[in-house]
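Novice: First the structure, which I've put down as structure tokens, then a few questions once you've had a look.
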């Protein structure tokens, strides 16, 4: 029986062994024989497989997956994959890593994997899943409370509580404070090669000092970031999630520091950088806990501003290479110069080719130029500077001081300038360079001078060539960074003790200790090997700046600037090509263009003579206003014309007045006189003439009044028309001056260079009367006046053949309108085109006014003067007036009105008579038709019956009734009852002129 049991047990074990060993071999063999893909495999327990690109139906039906197809294991719930997560189908029909098992296991809490003030060892390394063992150790000065190891069970829980490390009050040794550092030992800037030994030197000295952190020991935990943000991200994770807790982070390289400083705020960590110059790191809102002993690239800017002010420059130009560091530096410079009252007149940038940017600097007359670019681009820039002659006694260039001393002599295949050309172009430029090594022999906090520091550093480097050691120039900054941290931590000991806290109590959730360290660093001030160490409000180092000038092909120190104290140390050995610092811009002398006085006087003489002529014409017209010939020309309108002409001529004088005669403050008054005199003069002169010609056209060009009719002329309507035109002008001008008043504007022309080698330009200026919307107002005024001119020309043409005694000078008015309209339509656009040429514009406008006025006065008034003088009509008319008095005109007008009324009554009577005659004619026609029918019926009866009685044949029986004409008489004759008026008609139905009374003939045919 026992034997059978043993046999069965052996058979079962053999069967299981066969399943787990032979069957996979058979499957693999099958896979190997399967060509073109791999068979589907089973997922791990409590997990599944994600088939990429396949639907559920395809997954159920497919048996073979193609080569290079990948599957991914997924786990249910909070389980995680232990082992390969992704498998790939190989060309031989097998999946990758089949020898490694993939399992879905529960993960235990990660909180157990870290220990405050202690270290945790994870066995095996990886995520804390089933079977993981953690081993705990406390740091020096702390003792472990709890088990020193724990195991993750199948249920996803640890088999023991998490231990803690308590401070050992009986421990008499130093407690360690850890610094997490990232030193770029390789990469784009291998600054860690010299900065790491320098920091270790500082740590050794700090730990030996009994007056600085006597109860603590600083220890440096560092990694190589390779100046790569991606690598730094991984290393930062290791620093934060592995014990021990780091109290401060020390990154190097701007890109790495940006990453670390932005993340450190989440862990309440202070970041102190030794090798970051990007201006972007000065943003306190983005990097609230960041400090750096390396000065920002913007530290050059206070020195530049100080030099601008020293040499009294208020206008500069900039040219930069398009990179983040230079753009940020230039933005900071722009803000600083604005606060100092200095203007950046030109700002140019380029990516690789600076040719266009340099040409723009030349074109815009840049003199003081700040250049921000790397050394290779600097050679390109100054080759273009040589070609554009943008150097010499008129120009000063400011460059960055960290180029090689012979950078302009290095042969560069990308430029086509010789060394001699480059040397000539760069002569006299100024550089600013941050001082990273204290030039003075001063023992600072470390009790070392700068020279002693360099000697010890060279010893630690083992005799390496400093020029071949990365970060050698920044090594003093790393040394002072450790000292700044040690002094700040030492300063926080007492304040924390007063609050019942200790530095060793620091953790990533403790904001109070971070705040104390921040305050201590923010108020740091000590002498280091790199100079005086102090931080500004943005956490950037304030340092000295070295100022050098290229003199004779080599750099000479001409001064230092201490940005912390605003102190400029000047050696006074600066040299200039022109003997003195050049001007920041070409001296521009403003020179106003004024009207030619000869032209102004000449035109003014003509205008004055025209005004005298207008006064003569006006006096003549007023003196002879009682003469009938003058009265028939509407003398009041002619008076308005003369006054308007004189006002227009008076506008010539303010047109010629400019800044030579009046001050600029009073010039707007001159502008107002120009506008109002010319506007009102035109309205009076042209408006009165337009009114005359409009009335003539209205009365004498209507179809129903082409015959010899007469219409009474009421003068007040003419005056009202002129008043309306004048009122429109006054209203429009008032609105213009209230809404948008005229003011003086100055037009600038192209600058002119005087003769000689003077650094001076002449800026021609010209004063104009203008307003904000000048073109709009001129468009409205010109449009309105232009329509009046066109309408006046049309009316003058339509009435050229009309003759009337009421306005006997309308043909002369039409001629004047032609001339005024043509001159105005030509002058208005031409003066706008010639507005920038003061002489031509004034001559054209003023002569047009003079000619228009002269033509108008001559055409309207000279013929009247000639007639009255040659015929002597003014004497007879005056004598007649003295005899009859002024009542003659009134009697004539009254008689004329009475005759018009009688004429209308007679016209009504005639109309009634004509209607009666028409009725009677109709009756006569009917009687003749009746008589014809009777005659036809009588002839028919003569054939059948005896002849009618003689009484029926009596002709008298056919006579019309009394008062009607005989049948044989003319059909157009009138009955006797109208014999009293028949003599007024002719046979054709018209009135006979010879039979009318002579007193009524004019009334009937007006």
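Using the three backbone atoms N, Cα and C, a Cβ is placed for every residue, glycine included.
TrEMBL feature annotations, pasted as is:
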SIGNAL    1-29  signal peptide
DISULFID  138-165  disulfide bond
TRANSMEM  599-624  transmembrane segment
DOMAIN    606-884  domain 'G-protein coupled receptors family 3 profile'
TRANSMEM  636-655  transmembrane segment
TRANSMEM  675-695  transmembrane segment
TRANSMEM  716-739  transmembrane segment
TRANSMEM  776-797  transmembrane segment
TRANSMEM  817-836  transmembrane segment
TRANSMEM  842-862  transmembrane segment
COMPBIAS  874-890  compositional bias 'Polar residues'
REGION    874-900  region 'Disordered'
REGION    930-1006  region 'Disordered'
COMPBIAS  937-954  compositional bias 'Polar residues'
COMPBIAS  966-984  compositional bias 'Low complexity'
COMPBIAS  995-1006  compositional bias 'Polar residues'
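How about a rundown of where these features are and what they're close to?
Specialist: Using a 10 Å Cβ-Cβ cutoff, residue 165 (disulfide bond) registers 21 neighbours.
Panel annotation: around the transmembrane segment (599-624), residues 630, 635, 638-639, 642-643, 645-646, 649-650, 652-653, 656, 839, 842-843, 846-847, 849-850, 853-854, 857, 860-861, 864-865, 868, 874 of the same chain, lying at least six beyond its termini, place a Cβ under 8 Å from a Cβ of the stretch.
Residues 634, 637-638, 640-641, 643-651, 654, 713, 717-718, 721-722, 725-726, 728-730, 733, 736-737, 742, 769, 781, 785, 788-789, 791-792, 795-796, 799, 807, 809-810, 813-814, 816-817, 820, 849, 853, 856, 860 of the same chain lie 6+ residues outside the transmembrane segment (675-695) yet bring a C-beta within less than 8 angstroms of a C-beta in it.
Away from its own ends, the transmembrane segment (817-836) comes close to residues 685-686, 689-690, 693, 747, 749, 766, 768, 778, 782, 785-786, 789-790, 792-793, 795-796, 844-845, 848, 851-852, 855-856, 859 of its chain (Cβ-Cβ under 8 Å, at least six residues beyond either end).
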Novice: Using a 10 Å radius around its CB, how many other CB atoms surround residue 138 (disulfide bond)?
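Specialist: Summing over all protein chains shown, residue 138 (disulfide bond) has 23 other Cβ atoms within 10 Å.
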Novice: So what's the average pLDDT for the domain 'G-protein coupled receptors family 3 profile' (606-884)?
Specialist: 78
